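A.B. asks: The structure under discussion is supplied below as structure tokens; questions concerning it will follow.
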Amino acid sequence: METSYREEEARRKASLLHCIFFFLLGALAMAAAIAVLHESSYWEWRCNRLTDIVVDGDDGDGPSSSEVVDGGGEWGMVRTRGAQFVVGGGRPFYVNGFNTYWLMVLAVDPSTRGKVTEVFRQAAAVGLTVCRTWAFNDGGWRALQKSPGVYDEEVFKALDFVVSEARKHKIRLILPLINNWDDYGGKAQYVRWAQAAAAGAGADAFFSDETVRGYFKSHVTAVLTRVNAYTGVAYRDDPTIMAWELMNEPRCASDPTGDTLQAWIAEMAFHVKSVDPAHLLGVGAEGFYGPSSPPARLRVNPNADVALAGADFVRNHRVLGVDFASVHVYPDTWLPAGATKEAQLRFATSWVEAHIADAEGALGGMPVLFAEFGVSTRGARAAFNATSRDAFIEAVYGAMLRSTRRGGGGAGALLWQVFPEGTDYMDDGYAVVLPRAAATAGIVAAHSRRLQSFNSRCAWSCRWGCNKRDNDTAETTTAEADVDVSFHHEL
């Protein structure tokens, strides 16, 4: 009897211990799940999305024409955390975007203003989230800035309209502030205004002439502090604007050492941040490797001449105030004439991968945006047609996705360029008219869906795929954000 009693007592104790064990295990699992949900931005995102739907009056299936809710949610300012763009409470924001540079000019005329709305509507339909377009037109036809500090209010209102329409379609904007080239005025127009050319100075005097630099700083201030006539929101306070770019494709071939351009970038980055510390800032560079680059990187350049253009990818993006790296991809115009389609595809892939590696390594974990990529389907050099161009688009998207899947620095790419129907007279061979290019539109939409699957993930699940260095960088960035989120500290 005593033995049986002891055996029964032992069984009861074992059963009790099992119950306690499984209870504690369940409690730990529940605590971990609560911690994960608390850390993630999922519930914050859902709340913000539901608020958007209630306020906008849409059903969640597409963009609304009403005001977008701001605050710290889905439509707050885009920021950087480590090698990624983030929105809201830290939700990743991988970019699938496009260029349509002429939006402001067409918005001036009521008869063509509808093209702005049309291109945003078509872009949003395939999931494009960022548009890069000019915030300048210096001198000449429909000039925004007619002379130094003198602006055409109707053209400024046209830019206001572009920003307002982008907001309605939930498309963010990247706005370059001047052109390296003569189109839309560019740096040469500033030099002419300052009459520096009378002393034999070329367009590169833009970077060194004190009067010219003063003109440009005044223009920067005028644009950044502009109050939108449609929304009543100052540009520097508007989260519709994702980022400013100092210049479209800056080069200073008159000083191949790169020192002149480097000094200008540093000066202007400081000025932009002094006026608008809230928005991201990019250089607008093409990504050429210059004199400070190791031989292995110089060999990545498409030709030897670009190393003497005065630009220097890594050095230019180490400047205080520059928040992300920018690169362009044009194998058809950069590679030697006669380069085959296969050679151009290989170059595009290696060019993208090299810059992602440098953004993660040499730049200490900085997002890199491929702000222009495209090939022409016209002209004697064209190796692609409207159909085979899809292979180039897929090559760039593929390189981006490989980075995205591992939590790398490839933050997005913007196709050059999306046109609505009825604008063929402006097409130089690079235009993609989405309604007439079903296969291309399908590729773009599929890439948008893939990126959205990453953008919709909670912050913790994105970090799960990153290596420890990226996590440490993200934590450091978060800690520093309370002090100053406006500057990427020079290495």
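Note: Cβ is positioned from N, Cα and C throughout, glycine not excepted.
I grabbed these lines from Swiss-Prot:
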- GLU249: active site, proton donor (ACT_SITE)
- GLU372: active site, nucleophile (ACT_SITE)
- TRP134, ASN248, TYR330, TRP416: substrate binding site (BINDING)
- ASN385: N-linked glycosylation site (CARBOHYD)
- ASN471: N-linked glycosylation site (CARBOHYD)
- 1-31: signal peptide (SIGNAL)
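So that I understand the layout, could you describe where these features sit and how close they are to other parts?
C.D. replies: According to its DSSP assignment, GLU249 (active site, proton donor) is coil.
Counting only same-chain residues at least 6 apart in sequence, those with a Cβ under 8 Å from the Cβ of GLU372 (active site, nucleophile) are ASN99, ARG132, HIS328, VAL329, TYR330, LEU414, TRP416.
The Cβ of TRP134 (substrate binding site) lies under 8 Å from the Cβ of TYR101, TRP102, LEU103, MET104, LEU175, PRO176, ASN179, TYR184, ASN248, each of these being in the same chain and 6 or more residues away along the sequence. Under the DSSP three-state reduction, TRP134 (substrate binding site) is assigned to coil, being neither helix nor strand.
In sequence order, THR377 make up the list of same-chain residues 6 or more apart from ASN385 (N-linked glycosylation site) whose Cβ falls under 8 Å from its Cβ.
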A.B. asks: Just to be sure I understand the packing, how many Cβ atoms besides its own are within 10 Å of the Cβ of TRP416 (substrate binding site)?
C.D. replies: 21
A.B. asks: Hey, what's the widest CA-to-CA gap across TRP134, ASN248, TYR330, TRP416, the substrate contacts in the record, in Å?
C.D. replies: 19
A.B. asks: For a quick check of understanding: among the recorded positions ASN248, GLU249, TYR330, which residue's Cβ has the most other Cβ atoms within 10 Å?
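C.D. replies: It comes out as ASN248.
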